[in-house]
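The active site annotation in TrEMBL covers His295, His340. Summarising the annotation, TrEMBL assigns Ca(2+) 3 binding site to Asn296, Glu325, Asp327, Glu374. The annotation substrate binding site is assigned in TrEMBL to Lys423, Lys425, Ser504, Arg531. Per TrEMBL, Ca(2+) 4 binding site is recorded for Ile623, Asp625, Asn649. Here TrEMBL flags Asp678, Tyr679, Asp680 as Ca(2+) 5 binding site. Annotated domain 'PH' per TrEMBL: 7-115, in sequence order. Annotation comment: TrEMBL describes 580-709 as domain 'C2'. What TrEMBL records for 438-469 is region 'Disordered'.
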Amino acid sequence: SDILHHTLSVSPSLSIKVKSRSWKKQRHFRLLEDGLTIWYKSKWAGKGHSTFSVTEVEAVREGHQSEILLSTAEEFPADLCFTLVFHGRQGNLDLVAESLEEAQAWIQGVRKLIHKAETMDEQERLDQWVRDWFQKADKNKDGKMNFKEVKKLLKMMNVEMNEEHAYHLFKMADKSQSDSLEIEQFVHFYKILTQRNEVWKVFQDYSGDGEKLMLEELENFLRTEQQEEEQSTQHAKQLIESYEPSETGKQGAMSLEGFQMYLCSQDGSIFKPGLLELYQDMSQPLSHYFISSSHNTYLLEDQLRGQSSLEAYIQALKRGCRCVEVDCWDGSDGEPVVYHGHTLTSKILFKDVISTIKEYGFRASDFPIIVSLENHCGLEQQTLMAQHLTQILGDLLQTSTLDGQVPQQLPSPQELKGKILLKAKKIGGLEKCVDETLTDEVSDEEEMANGDEESPTEEPQAEKKNKKSKLSRELSDLVVYCKSVHFHGFEHAHCHAKCYEMSSFSESKAKKLGKEAGTEFVQYNTRQLSRTYPSGLRTDSSNYNPQDMWNVGCQIVALNFQTAGLEMDLNDGLFKQNGGCGYILKPDFMRDAIFHTKIQSKSQLLSNNGQQLPKVNQKEGSIVDPLVRVEIYGVPQDQAKDETSHINNNGFNPVWNATLNFVIHTPELALVRFVVEDYDKASRNDFIGQFTLPFTCIQPGYRHIHLLSKDGMAIPPSSLFVNISISDYE
């Protein structure tokens, strides 16, 4: 990393930034002194430049590993090319270095820096965040700041403080008495300025001498406040070992600094750490799980003229998505293509999509992937699709039942680990006496429009006539556990349906069925899979609320992963648990063939204070007026929201001291979303950050909630400090 620093920061390297086959521009890049910020500017720009942090970069791909670099492969040799892949929905940065040495310096160097950034603990991350601000504000680069500059910087950091108090702390931190602070002195000054009063108060309540928490005092705190009954002695010892910074303190006591570090850590987080790991029984039938699922996976934007891209599949799969959609159409040169039919969205090759699924499918999870095929191709190209699937995927593709028998229930995620299932039409069934003709012939779009005449991208009716396309035997044979069929009602399914048959429902059809026959829908979903998808009117790729579909047991609730917002927050929140593997076991009462409506114990939730919220509006002098809203999503009876009042001009350490109470009847289906907004009396409040999690994953007591951006990315060090109490009462 030091060698890299020397080669990259002293002399900026020249790279070519490539956006398309025709858009190629030269850019200067260099690593700044903090070892975490990459600075770049156009070769022609005067003083203008931009920066981004290594913490925003997820991975470095070497060679022609993006669609754009592949399209320019003849012009730029692979060993000079590399791609920076960013977290979230931000586009990639494709670069071509001037020499092999320079390319390797960047590839290896950035990978090391990513590793360094990923292994930082909360405290190091906070210190780094403070240093980043200092460097941004140190305009003359002399590494020092006087009080006037510090005041200006604190305002940029969203800190409102009493000037006299701040000046007193400034003098204390200025050890060299030079009326200025160097970077590490500023980090120290910032820490003492931001010491949280409420944490100090809790510490004082349990500390006998006000200086430290002895082992039994920490135990008492864990039992009383954090509702940790079992093994609190063992846990208290572990916490001192992990978070107490001073060696003397580790002899069985915790200082205020250690206590603060514990509360900001994973152990002090609102999310039970044990439930972030894979903890559920994965040996039940597929129909017993909610499955993280994407709609129109190939799109990066809207559904009318957005770009179809392999990157969209990579992004969905790395978010833990386990069911992806592939819309196939006849390609003009004989190769099937994937795009949103009858629109201006661009096209990608079917075989490239399948290769991408193979390469990226099992990085976030080992559990099975379902490829939902929407097939609009003629016989010839369908057969070619079957060839691509078998040749590219090989043994990964599940092409026969596991034991050679006709299944009475679906296999489990555990049994199908590392396998890819094709969801499509099938000639006949898995039984021996196969009817050679495809009965129940309905094109995918008709099925999609099943009870949903809202789709503007539908084919004109005239063209649709006589288009009951024949199904290629080769493609049909690849369908085993996910045969697409038309839905003929719950009664028909109960009497005739096979466990491997599944139907798709538009959001309006699914909602209607849920309202009219909720219990039957839950029962149907104990044995068969069902897929729901957004209305065709959502051409902007907006989403519906997935909770309504989960409430009736639908497993494959397909959402537009490319669109950030409440709906994806709920999806991310539900699937964050269980190792992020994309499969969540449904509550037991939704897995029985006999569905029992049940009332659960009632619970209450209380919440408190916030810290270091990011600025929404970067205008000079603007400071946020934050409020917190807690929203409950679950069965209709549990849907609720309540909010605190807003605090004027304090995004830095607002204290709401508000208590919000909720009664929750079915905790197993409830999600809790904490949202922080900047109050605006004239217009809609601005979103600041949010965090969503299942009610069953909440740790009670004094906890930190580390807020996420609209895109679902961490925004350190923004957090809420809450006190949560959960109690049963009649």
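Glycine is treated like the rest: Cβ placed from N, Cα and C.
Annotated features, which come from TrEMBL, shown on the structure.
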{"residue": "Asn296", "record": "Ca(2+) 3 binding site", "Cβ neighbours (10 Å)": "27"}
{"residue": "Glu325", "record": "Ca(2+) 3 binding site", "Cβ neighbours (10 Å)": "23"}
{"residue": "His340", "record": "active site", "Cβ neighbours (10 Å)": "23"}
{"residue": "Lys423", "record": "substrate binding site", "Cβ neighbours (10 Å)": "24"}
{"residue": "Ser504", "record": "substrate binding site", "Cβ neighbours (10 Å)": "24"}
{"residue": "Arg531", "record": "substrate binding site", "Cβ neighbours (10 Å)": "25"}
{"residue": "Asp625", "record": "Ca(2+) 4 binding site", "Cβ neighbours (10 Å)": "19"}
{"residue": "Asp678", "record": "Ca(2+) 5 binding site", "Cβ neighbours (10 Å)": "21"}
{"residue": "Tyr679", "record": "Ca(2+) 5 binding site", "Cβ neighbours (10 Å)": "15"}
{"residue": "Asp680", "record": "Ca(2+) 5 binding site", "Cβ neighbours (10 Å)": "14"}
Maximal Cα-Cα distance (Å) across residues annotated as binding substrate, namely Lys423, Lys425, Ser504, Arg531: 14
Per-state residue totals over the domain 'PH' (7-115) - DSSP helix, strand, coil: 30 helix, 41 strand, 38 coil
Cα-Cα distance linking Asp625 (Ca(2+) 4 binding site) and Asn296 (Ca(2+) 3 binding site), given in Å to the nearest integer: 38
Least Cβ-crowded entry, counting other Cβ within 10 Å, from the recorded positions listed as His295, Lys425: Lys425
Of the binding-site residues listed as Glu374, Ile623, Asp625, Tyr679, the one whose CA lies nearest the CA of Ser504 (substrate binding site): Glu374
Chain-internal residues near Asp327 (Ca(2+) 3 binding site), provided their CB is under 8 angstroms and they sit 6+ positions away: Asn296, Tyr298, Val338, Tyr339, His340, Gly341, Glu374, His376
Shortest C-alpha distance to Asn649 (Ca(2+) 4 binding site) - which of the recorded positions His295, Glu325, Lys423, Lys425, Arg531: His295
Cα separation, His295 (active site) to Arg531 (substrate binding site) (Å, whole number): 10
Tyr679 (Ca(2+) 5 binding site) as reference: those recorded positions from His295, Lys423, Asp625 with C-alpha within 10 Å of it: Asp625
Sparsest-packed among the binding-site residues, when each Cβ's other Cβ atoms within 10 Å are tallied, from Glu374, Ile623, Asn649: Asn649
Rounded distance in angstrom between the Cα atoms of Lys425 (substrate binding site) and Glu325 (Ca(2+) 3 binding site): 14
Mean predicted confidence [pLDDT] for the domain 'C2' (580-709): 81
Listed recorded positions His295, Glu325, Ile623, Asp625, filtered to Cα within 10 Å of Asp680 (Ca(2+) 5 binding site): Asp625
10 Å Cα neighbourhood of Asp625 (Ca(2+) 4 binding site): matching recorded positions from His295, Glu325, Lys423, Asp678: Asp678
